[in-house]
Amino acid sequence: MVNDRWKTMGGAAQLEDRPRDKPQRPSCGYVLCTVLLALAVLLAVAVTGAVLFLNHAHAPGTAPPPVVSTGAASANSALVTVERADSSHLSILIDPRCPDLTDSFARLESAQASVLQALTEHQAQPRLVGDQEQELLDTLADQLPRLLARASELQTECMGLRKGHGTLGQGLSALQSEQGRLIQLLSESQGHMAHLVNSVSDILDALQRDRGLGRPRNKADLQRAPARGTRPRGCATGSRPRDCLDVLLSGQQDDGVYSVFPTHYPAGFQVYCDMRTDGGGWTVFQRREDGSVNFFRGWDAYRDGFGRLTGEHWLGLKRIHALTTQAAYELHVDLEDFENGTAYARYGSFGVGLFSVDPEEDGYPLTVADYSGTAGDSLLKHSGMRFTTKDRDSDHSENNCAAFYRGAWWYRNCHTSNLNGQYLRGAHASYADGVEWSSWTGWQYSLKFSEMKIRPVREDR
């Protein structure tokens, strides 16, 4: 329509001016319209460029900006084309005729609005994403100082723990050193104490001999003590042997298990007889040889006996008492270490519960004297002491020596021998809780073999 109108007006002008051959000069209105049209085009281009610049500044790396191009629609009109990012086109036709300036400005404003709307739609999604990213960055910025502070606290705590660990390690090393020193001091003290006790025992024995051991006993002793003397040859009455010496005298010469019938134990019991050591006739009441039997037991087991007579065993306190109260007995102790070294200890007098009306209530006290042998004396210290087990404490120590040294014995405070201790197979780190005979191998060596056996003192000895 605009073009038709333009053509019509041009035709009219030509009809009116046909008689005139002289060309007319452009009017002021026409110049003004041309200037305004140029300004409008420049304004549109400037606005579009500014928006595109802002779009590139705030959303780098997004879709390419709209492309604005201009051109002539006809000889008397201009065409502005905007190509959007989605390949759609926006065309604006600009009419330079002065009579329609209002419409031209309206179209210009509409074009500007269209351009702005297109740019807004183009930037909407990236800006939304940018806002979310900015919000996330703000949140992270707020949390970062807290995380750094917590990391610093954890690092401080870690350093403190490392320092504490180092202090504990130093303390533990010091305690271990102190423990070793105390063990050494205890071992030395135990040795000094053993020598002191042995010396005192020797002095007391000498004093007793000086005062005369053959003096009559007081009335109480005579009432309590059974008659004990040397054994005559052969069995006392009948054919029942009272111990292994009677078995030997009856003609049996082989080691083995035999039945004996002590004077105060007429029901009798079986024992192992050693028929070879120093003439034979020995009744065995204790043997350790391989660790197959547990010797860390309570009172009832040690009273009644346990184990195998042909292997490791303990005959029982009540049976040892029955044997040693019917005559005067001597004790022989055989020992062997794990290097096949051997030694022995002999005691000319031995008895269990000799002066007791109720030996179990009295704790089966030990009587032993007159040492000789190659192993050294480790038993005289225990003479006069009651038997102690882990569940019946009769020693002179503040602690239960049986529980502490893992055995059962006539402990005093605590021991110089512990033949019923743990079978530890030679040298051991623990202190005095093995099969010990301290005068021969010390307190930290557990023997391979021990055997305790008794025999009556005969007239010809």
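Yeah, the Cβs are placed from backbone N, Cα and C, and that goes for glycine too.
Features reported for this protein in Swiss-Prot:
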REGION    1-24  region 'Disordered'
TOPO_DOM  1-33  topological domain 'Cytoplasmic'
COMPBIAS  15-24  compositional bias 'Basic and acidic residues'
TOPO_DOM  55-461  topological domain 'Extracellular'
REGION    214-238  region 'Disordered'
DOMAIN    235-458  domain 'Fibrinogen C-terminal'
DISULFID  Cys244-Cys273  disulfide bond
CARBOHYD  Asn340  N-linked glycosylation site
DISULFID  Cys401-Cys414  disulfide bond
SITE      Tyr405  site 'Implicated in ligand binding'
SITE      His415  site 'Implicated in ligand binding'
SITE      Tyr431  site 'Implicated in ligand binding'
SITE      Ala432  site 'Implicated in ligand binding'
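Same-chain residues at least 6 positions away in sequence with a Cβ under 8 Å from that of Cys273 (disulfide bond) are, in sequence order, Cys244, Val247, Leu248, Gln252, Asp255, Gly256, Val257, Tyr258, Gly280, Gly281, Trp282, Thr283, Val284.
The subset of recorded positions (Asn340, His415, Tyr431) lying with their Cα within 10 Å of the Cα of Cys401 (disulfide bond) consists of His415, given in sequence order.
For Cys414 (disulfide bond), the count of additional Cβ atoms within 10 Å of its Cβ stands at 21 [all protein chains shown]. In the three-state DSSP reading, Cys273 (disulfide bond) counts as strand.
When the recorded positions Asn340, Tyr405, Tyr431 are screened for a C-alpha within 10 angstroms of the C-alpha of Cys414 (disulfide bond), the residues that qualify, in sequence order, are Tyr405. If you take the CA of Tyr431 (site 'Implicated in ligand binding') and look 10 A around it, the recorded positions you hit from Asn340, Tyr405, His415 are Tyr405. Considering only the recorded positions Asn340, Tyr405, the Cβ with the fewest other Cβ atoms within 10 Å is that of Asn340. Taking Cα separation as the measure, the residue listed as 'N-linked glycosylation site' is nearest to Ala432 of the recorded sites Tyr405, His415, Ala432. DSSP classifies Cys244 (disulfide bond) as helix under the three-state reduction.
Cβ contacts within 10 Å of Ala432 (site 'Implicated in ligand binding'), excluding its own Cβ and spanning all protein chains shown: 26.
Less than 8 angstroms from the CB of His415 (site 'Implicated in ligand binding') sit Lys381, His382, Cys401, Tyr405, Trp409, Ala432, Glu436, Ser438, each of them six or more residues away in the same chain.
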